[in-house]
Amino acid sequence: MHSAISLSVAAPFPAAGARSDAFPLAGGLRPAGIRFCGLRREALGLRRLRSPATGRIPPAPRGGSRGRSRAAAAAAAGAGNGSPASGFDYDLVIIGAGVGGHGAAVHAVENGLKTAIIEGDIVGGTCVNRGCVPSKALLAVSGRMRELHDEHHLKSLGLKVSSPGYDRQGVADHANNLVSNIRSNLTNSMKALGVDILTGVGTVVGTQKVRYGKVGLPDKEITARDIIIATGSVPFVPNGIEIDGKTVFTSDHALKLEWVPDWIAIVGSGYIGLEFSDVYTALGSELNFSLSLANLIGQVTFVEALDQLMPGFDPEIGKLAQRILINPRKIDYHTGVFAKKITPAKDGKPVLIELIDAKTKEPKDTLEVDAALIATGRAPFTKGLGLENINVVTQRGFVPVDERMRVMDANGNLVPHLYCIGDANGKLMLAHAASAQGISVVEQLCGRDNVLNHLSVPAACFTHPEISMVGLTEPQAREKAEKEGFEISVAKTSFKANTKALAENEGEGFAKLIYRPDTGEILGVHILGLHAADLIHEASNAIALGTRLQDLKVAVHAHPTLSEVLDELFKSTKVNAAVSRSINEPVAA
């Protein structure tokens, strides 16, 4: 799941890598690596076609000649899960079957590595079971409800809708069914590709050695040439907050939608908090579903430790988001305060929230609400991994790694054959970042050096309208420019100038590009508007591939489409035309 950039308790917000492979098919090529939130197309029930001659799944073509030969890797992948390196049970063992572990496992098998994945809970991890997937189901409903209740918008399009409502259990079932389907397809896809799924809690007991097992059953021990830790994270709950799962709860509980409170306090205004504010203000009280929108929407109160809401966003985007997503809705907020103590509702009394000043720690206020959602970020799930067996000391729970995800011990030395990806290493707590890190590690194991540029990894907040971003914010870019001695420029454009947005009557939106005019290098892109989460990837891929604005300014976009928002943004930049358009050096990680 996405991770919150901002916390109300001074802890960092822990929150789709895209890769498109192709395999031969009569008459041409078909995409074989479509992803959903970092999941392979197989996880959506879309199977790769098998070769009519052999009945096997053809491996995707790979570059590079180091490590195993391409022919050997292809033969192994075609035969199933390959054969392990001499003296080991597996080439690769992955502890944790979330999005990161899944991405690494599938890529490893495709490259001929005999692979096992250990999962102590259920396949899919946070993203599939308690994060990205179910939250998008709820947000899909909240988006429809907003549209159906926006009489002004509907009237402008010539539409009439009477008394729209919703069934809470039906909405919850939609989310639960989606989770079940994706989890089942994810599990079946790994089995079909030959990944061995081992059930139990995994522990590193020594170099290239893992033990796993269930409570009450004998443990089993296996060996692997390489090991990847991909255990993810759990909701972070600050001291003083009592969770009962009913009236005071985390996103894990909220996604079940067991009830819709009339008034809810959300502690934390990062991605998680902002998305849930969208859900609760759209759905409101389930008892009021037949009333007008003014009566339907629920009351939300944000509690934020920093002096402004959404402090992790680019400041300009944050201000616009507050004007569009906060101010017009039944949302109020307290900034610069900590929730020192939260007591669940009981004996007819409401939830009590004691607020103190974030700086002076003096008492500020006491809130009485129907429920409280704790959206203060996520904490790494790394206890019980046996890291002490290999002299690894976590840092605030995170496993220390280098830029290649190689684990480092207490002395700063690399631990041979051990890697850590995803939320557990804390580099970038997003599901698709975990998947990208996993693929990067497998590339290294196959002899192809690979370093993921984390500045090219996009992020999105699926509110209505959406927010997306990649790279640096403007303050971060200015700080970098001052330190390294170069100038930056900023280009901006509005959705009001986009034909497709106006046709949808969704002209309220904004896009911003931060770049180097001397080289044409993109430093950051931020979007708020219709389908912003889909639009960001053109900028993300440009950063990843090192594509300069000199090239992007002459690229072609279909008309009329929302993609022209980015087209206008690129064309409005003023870059050094003397710089050769052939420059395509990758941006440093």
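Any Cβ shown, glycine's included, is placed from N, Cα and C.
Just so you know, TrEMBL annotations are computer predictions that nobody has curated.
Remember, predicted model here, so these are calculated numbers, not experimental data.
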* Can you tell which of Cys127, Cys420 is bonded to Cys132 by a disulfide, based on TrEMBL? -> Cys127
* Structure fact -> One of the recorded positions Cys132, Gly268, Gly270, Leu274, His559 has its Cα closest to the Cα of Ala431 (FAD binding site), namely Cys132
* What counts of helix, strand and coil residues does DSSP assign across the domain 'Pyridine nucleotide-disulphide oxidoreductase dimerisation' (457-568)? -> 42 helix, 29 strand, 41 coil
* **Integer Å distance between the CA atoms belonging to Gly268 (NAD(+) binding site) and Ser233 (FAD binding site)** => 17
* Structure fact -> Candidates Lys136, Met429, His559 (recorded positions); nearest Cα to Glu304 (NAD(+) binding site) turns out to be Met429
